Each structure stands twice: as structure tokens, then as C-alpha cells.
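Below: one structure, written as C-alpha cells.
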Ligand SMILES: O=C(O)CCC(=O)C1=CC=C[C@@H](O)[C@@H]1C(=O)O
Ligand SMILES: [Mg+2]
């Protein structure tokens, strides 16, 4: 592929809607835009998705930077690759650091798609022209604020709403939501707020006809999740537990869940995300595309991935305006009647908004290959 340069740009972007879950509150996002440049000057883009502190997984903005600069860029100098699928193997000498690997791999997929004049979604095997855009709503100071936000999304045609729960903000809140929206496709995400001692308490979830309960227990608790899934009818979905196809195999063989949330960053890139999709699709296990409060480049990659046929459930992929005053791509991602049209131009299908990037830029560095 003859890469000549990798550019790192660190941005800081303030969120329109500060996002609170069971562990953390995110008001602004810092991220790296990774640009992979070839000898013809074609540019491919990727985005890091880790947060400032390691509350979601062990990675952070700072560890992403260190991994990319210290280990991943040197590996790109060692070997010329001819296809982005070779990146997983090339980076395999570095343990984990999935979000760092994914951001670089995304940039190389976008570059390859542009070199071959193919839309990224087609390159990945996607066949949807539109994807369903669900929304994830954080914990609010008052349930009335949450009900108002849900109502706005329902009026706009949102196909499903996900709410965050934790101890003290769970059964009563879900009951109240159901009182106002009895048939709304609804799910709840606990971000590991519970443990196996809460099993009896969690049986109450079956009252609310939820599409699923996402990540009730800790990351490594496959056996406990299996025990819970045996005890409740509500499907368990795993998010933080899934770092690779191997984790999906473990979860499905133990019966730890019935649904998988795929996040490109959490599983180390698009190639692994596609492998997980293919594995689940062959076994009729529904998957959906999770979100990490991405800016436009990460969101564009999510849209391409979510066009694959096994993504049968709406993802956490809101429109740009839900997150940012001004996104870093144009056109911005727009949700119409609960759907996003998958762009058809080569690569990720969106242009970079250089003025917006300049506005958010804190630091830039170029690494020759
Ligand atoms: O809109 C999005 O990008 C999804 C936001 C969202 O629900 C999450 C983002 C990051 C971490 C979590 O709090 C949560 C999730 O667990 O899915
Ligand atoms: Mg989650």
C-alpha cells in the first residue's frame, strides 16, 4: 500500500449533552485523529475512542498515544502491507491496546478503500443502504428530564432507546418509563453496576419487556453472566466483556449472553469486528454497533460496519448534532426518521472539515514511515 506518513492530531471537543453512566460523567471528549497518507497523497482517517481515564476499559487517550507512537508506527515501518486485513497479524506482537490498534487500522482501511475507489461499507461486505439509529441516554438529575429526552427522541422517529441504570436509578426509573412509553423498544445498560449477589434483585428486569440488559456485571464475569442469563428471560448483551472473537466464543459457549454489542475500538479494529459479525451471523446471534461518543470519523466507520447484514438491531449511532455543535466531517451525519443513509462515495464516504479540526486542535505530529 506504500504508506509514507502517519499524522496524529489531538482534538478536544465539548459534548452538547454531557453523558453520565453508572461510573463516570463525560462532558468533553479528547481524541486522536489518525491520518494514513500514501505516496500519491491520498489520506485515510481513523479515530481513537478511549476516554481520559480507564473507567470503561484499561485504555485512555494517553495510552492510545503512547501505543501508537512507541509500538504501532514502528511496526508499520517494518513491513509493507498490501491489504488492511494484514494489520491484525502485524500488530499482534503488541498485547491488547485494542483502541490504539483500531484507530490506526481504521485509517488504513479508509486509505485502501479510497485507493481502490470503493466505499468502505462495500469493502467490508455491507449491503444496507440505511441503518437504524438508536439513541443512548445518560443518567439525568431527575426522571422527568429523562422522560422529556425520551419523548423528543420518540417524536423524531428513533427506533429504540437505551437508558443507563445503576443501583438507585434502575427498577423505579424503568417502571416510570414504561408507564409513559408502554411499547417503546427499550433497553438498559448497567456498565457493570451489579454483581452476582444481585441476581434475585435483577429478576425484576423481566417486568419491563426490555430488548436486553447490557453488561450487568464486570468485564471478566462470563460464568456469572451465564448464571444470570439462565435466571432471567430478558436477553443479556455483553459490551465491556468482548475484546475479541475469542471472548464472543467463550460467552456464547457458556451461555453468558444472547446478544453482542460490537465496538470497533474495543475489539481492536474493523477486521476483528467483521470476524465477530460473521461468527454471530452464522449462528443467528443478533449484533448491534455500540458507540463511544465518537466524532465524525469514528461515527463514519461505525456506519460502514453497521451496514453488514447481521446488524439486525439498531446501534448507538446518533446524528452529529446530538453530540457536537460542529462535527469534524461534512456533510454531518443526519438521522431522518430514525435512519442514517450509508454514504456511497469511496472510503468512509464523508469529507474532513479542516476548519472544524483546526478549531478543536490541541496538538499535531507527523511521523514519516
Ligand atoms: O452514543 C454513543 O456513542 C453511545 C454512548 C454509550 O452508551 C456509551 C459510550 C461509552 C461508554 C458507555 O458509557 C456507553 C456504553 O457502555 O455503551
Ligand atoms: Mg455499554
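Note: Cβ is positioned from N, Cα and C throughout, glycine not excepted.
No curator has checked TrEMBL annotations; they are predicted automatically.
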Open item on the list: With 189, 214 listed by TrEMBL as Mg(2+)-binding, which of these, 170, 172, 239, is given for the same site?
Closed with: 239
Open item on the list: Using the Cβ center of 189, 214, 239 as the Mg(2+) site position, which other residues in that chain lie within 8 Å, going by their Cβ?
Closed with: 162, 187, 190, 191, 213, 215, 237, 238, 240, 261, 290
TODO: Report, in whole Å, the straight Cα-to-Cα distance of residue 263 (active site, proton acceptor) from residue 164 (active site, proton donor).
DONE: 18
TODO: Please work out the helix, strand and coil residue numbers for the domain 'Mandelate racemase/muconate lactonizing enzyme C-terminal' (143-235) from the DSSP assignment.
DONE: 46 helix, 12 strand, 35 coil
- [ ] Go through 189, 214, 239, the listed binding-site residues, and name the one with the sparsest Cβ surroundings, counting other Cβ atoms within 10 Å.
- [x] 239
- [ ] Using a 10 angstroms cut-off on Cβ to Cβ distances, just flag whichever of 164, 263 is the loneliest among these active-site residues.
- [x] 164
Open item on the list: Less than 6 Å between Cβ and the nearest atom of ligand 2 is the rule; apply it to the recorded positions 164, 189, 263.
Closed with: 189
Task: Of 164, 214, 263, recorded positions neighbouring ligand 1, Cβ under 6 A - done: none
